[in-house]
Amino acid sequence: MIAKNVESILCFTAWSFSAFYSLYLFGDGIDVIKDELDSRDFEKGWFASRQRDVTDIEWYIVKYIIFNFYLTFIGHIIVSQLIWVFIPQLTLSVMVLYGTISLWILLGPFVVPIIWLNILFAYLIHLKRSPLLCHLFFITVFITAQSSYFRDKTKLLFGHDLRKLFIFDILFGWLNAKCLSFSLDRIETFRRWENPYPDDNLTMIFAYCLYLPTLVFGPMHQYSSFLNNMVFRDDWSLRKFICSLTRLSQVLFYAVVYDILKHYLFSSALIYRTDLLEKLDSYTLCGFAYCLVIMFYLKYLILYGYSEAMGNSDGIKLPPPPKCVSTIHLSSDLWRHFDRGLHLWLVKYYYKPLLTIGNNVMVKIFATSICFAIVAIWHSYSSDVIAWCMLNFCAVAIELTGLHIRRLFFPNFETQFSDRAIKRWKAFMAAPFYIIMIITNTFFLANSEVGVYLFQKVLFSFPYPALPVLMIAYTACHVSIELKEH
């Protein structure tokens, strides 16, 4: 037991030191080449008299929404709590009304009929009770929304305000995922019961689609879950409300930390400057790749954490924020735990239905490929996104194949060795895939050129730095396996 604890502590210490040291190297290295970066990528910061990286468009939009429309979100908290306490029977109607007003305030009056018509069309199509038609509508709307013609028209509608166009793109994606959810959930309900919940009506559907906390920030939550929360809603509780406000305060603290880090870690400003990346040594490049992933995690911890806290204050259980990427060593676990809502949505509406064909490994791999194809369409199916999805699909497919081979040919493998030996074996086998997992995600967080360059400089440069990096990855996998088991 003592040896086991010592080994775990050593791995945790080695991994923690390596992770923070790589970030330090990147922060120190970026100061050397900072003068060669475009000055338009920075602005005068508010912390330690340093400049701040402003190239993270998502974070820029989040701050724009918070600073310009904070009264709208505060109003939601006040109105929703008052309605819940005094006239709970009007909760759904107020959700629809407040969500519609918020749309008007955020994007303008002309967006309201577009969103309402989108929901109504999805509702009318689902009345045919054909899942195939619902899927076709979802795919068609997504592809149409990403066409140059549609984007040109929306630019004109927004007066070429790129901030509002960006918000509309995100909102439209969440909306149509919700439309598919309520369509398929209701079709399934009609198949099982002749008389569904009386509350399962058009008002419930609009309340689900227009619920403000998830309107822009996500995460994806299923209609069946929302319906269950609203039908079996608990009485208002002051304790739960205070807990939600405490959680919101915690999210605000994370937001401040994230913005402080933007004064030191200029990873976003480097994603289109491979000429400058070539000036960084291999370990600093590792820090750059890790920085991209960890900053993305922190950003979505804030976004989904906000939505979760707001949902809890309204008695609505939303998927949890992402699990820390430093504690995940498998690509399948990354997709399972980073965006939990999206994962559950994909599993329910694509993966499991396809498993009705069969439950063998080939069908599972095929179902996985369809899920990644949907992810690619969701994220605009650019060449970088397609490369990112294909690489992640390959990683998950290798996991599925390896697991199948082990069960088929070595069913008693783990019983022949001690727990410590098995843990070491798993960490050893997972180490290269952990590095691949980190680098493949830079295809999405940066671009394909950066991803290919990182593969060449980090993983394919043997023995240095590939071998030391693999040793560090081993400790990361060991820590992840330890946490997963407990």
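Even glycines carry a Cβ here, placed using N, Cα and C.
TrEMBL entries are annotated by machine, without manual review.
The model shown is predicted, which means the values in this text are computed figures rather than measured ones.
Here's what TrEMBL has on this protein:
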type	residues	note
TRANSMEM	60-84	transmembrane segment
TRANSMEM	96-125	transmembrane segment
TRANSMEM	132-150	transmembrane segment
TRANSMEM	202-220	transmembrane segment
TRANSMEM	241-261	transmembrane segment
TRANSMEM	281-302	transmembrane segment
TRANSMEM	361-379	transmembrane segment
TRANSMEM	385-405	transmembrane segment
TRANSMEM	425-446	transmembrane segment
TRANSMEM	458-481	transmembrane segment
Seg_contact(the transmembrane segment (202-220), the transmembrane segment (60-84)) with at least 3 CB pairs under 8 angstroms, min sep 6: yes
Distal contacts, the transmembrane segment (385-405) - CB-CB under 8 A, six or more residues away: 330-332, 335, 361, 364-365, 368-369, 372-373, 375-376, 379, 433, 436-437, 440-441, 443-444, 448, 451
Contacting positions for the transmembrane segment (425-446) when only residues 6+ beyond its ends and CB under 8 Å are counted: 270-272, 289-290, 292-293, 296, 329-331, 334, 379, 384-385, 387-388, 391-392, 395, 398-399, 417, 454-455, 458-459, 469-471, 473-478, 480-481
